[in-house]
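If you check Swiss-Prot, you get these features:
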- 182-282: domain 'Fe2OG dioxygenase' (DOMAIN)
- HIS206, ASP208, HIS264: Fe cation binding site (BINDING)
- ARG274: 2-oxoglutarate binding site (BINDING)
Amino acid sequence: MATNFKSLLPVIDISPLVVKCDDANMAEDAGVAEVVGKLDRACRDAGFFYVIGHGISEDFIRKVRVMSHQFFELPYEEKLKIKITPAAGYRGYQRIGLNLTNGKQDMHEAIDCYKEFKQGKHGDIGKVMEGANQWPENPQEYKELMEEYIKLCIDLSRNILRGISLALGGSPYEFEGKMLTDPFWIMRILGYPGVNQENVIGCGAHTDYGLLSLINQDDDKTALQVRDLAGDWIPVIPIPGSFVCNIGDMLKILSNGVYESTLHRVINNSPRYRVCVGFFYETNFDAAVEPLDIFKEKYPGKGTSQVFKRVVYGEHLVHKLQTTFQNLVEHS
């Protein structure tokens, strides 16, 4: 990150990028060029930005949250019917306090979903994540709604990443040649109970470890916070109909450190329950992630001797999961 945060995170209308998303010559379009410039500044300065003009209706985005609220309102015993276990590939419902960040319990519950893959496809590393996503019977049609939402988020993430690739000086498809022939994804449907005291950590400070994250948060509660260069926590105030987008550790590596993944956390000081749906767009599960050649040439360690180690995404993910759900592993 090159500069400090502004008073508000940037709001970027990506509609020109969406219109031209499949045009190999999109970089020549003036509207796309403007969007690309804004993406570049946002990724360098903050690592976080709002996305509007994305083409997904506000009503649909809201319905995803409304039906998620309905699930979390169910009796605990009902939610446990899709309980997360290591045997289920870490897919399903997790109770409040099961998730650990930096070794401390987080005050949230969730449904965790991952891209499904065939048994044996990713060898021993992928074996611990094999299994089908667990969906509740109630609310009805929730599975169908969320599967459609996943498809839309995949398309949106791909479009944003094409703009970022242009911002870094590559072709729109720079990342897609090797790293995204079969992109992995994660979705976390998160519920944060209302609290009667301040500064209860809903989710501890962390960076995301994939490429891009799309955050769909309740419109009427401010809980997500991003840390600036001075060490201050900046509230990410909800904007109806928008997504909050941030870059993750894998994009930091691929870009040769030009873009920095940013620490963020969740503190729900509201007495009301909060829902947030996080979609995480990743590389191929078996991708060996290191700075792409074009970015090593254009940004050789940002003028330093910094070298980013090669990381196999799936190994990185499994290690993070087993650390996050340490209690689950120990008592399984």
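Just so you know, glycine gets a Cβ as well, placed from its N, Cα and C.
Small disclaimer: the values here were computed from a predicted structure and weren't measured.
Taking the Cα atom of each, HIS206 (Fe cation binding site) and the residue listed as '2-oxoglutarate binding site' are about 19 angstrom apart. Listed in sequence order, PHE48, ALA205, HIS206, THR207, LEU224, GLN225, VAL226, ARG227, VAL236, ASN246 are the same-chain residues six or more apart from HIS264 (Fe cation binding site) with CB atoms under 8 A from its CB. For ASP208 (Fe cation binding site), the same-chain residues lying six or more positions away in sequence with a CB closer than 8 A to its CB are ASN246, ILE247, GLY248, ASP249, SER261, PHE280. Minimal Cβ crowding within 10 Å, among the binding-site residues HIS206, ARG274, is found at HIS206. Helix, strand and coil counts under DSSP for the domain 'Fe2OG dioxygenase' (182-282) come to 6 helix, 47 strand, 48 coil. Mean pLDDT for the domain 'Fe2OG dioxygenase' (182-282) in the predicted structure: 92.
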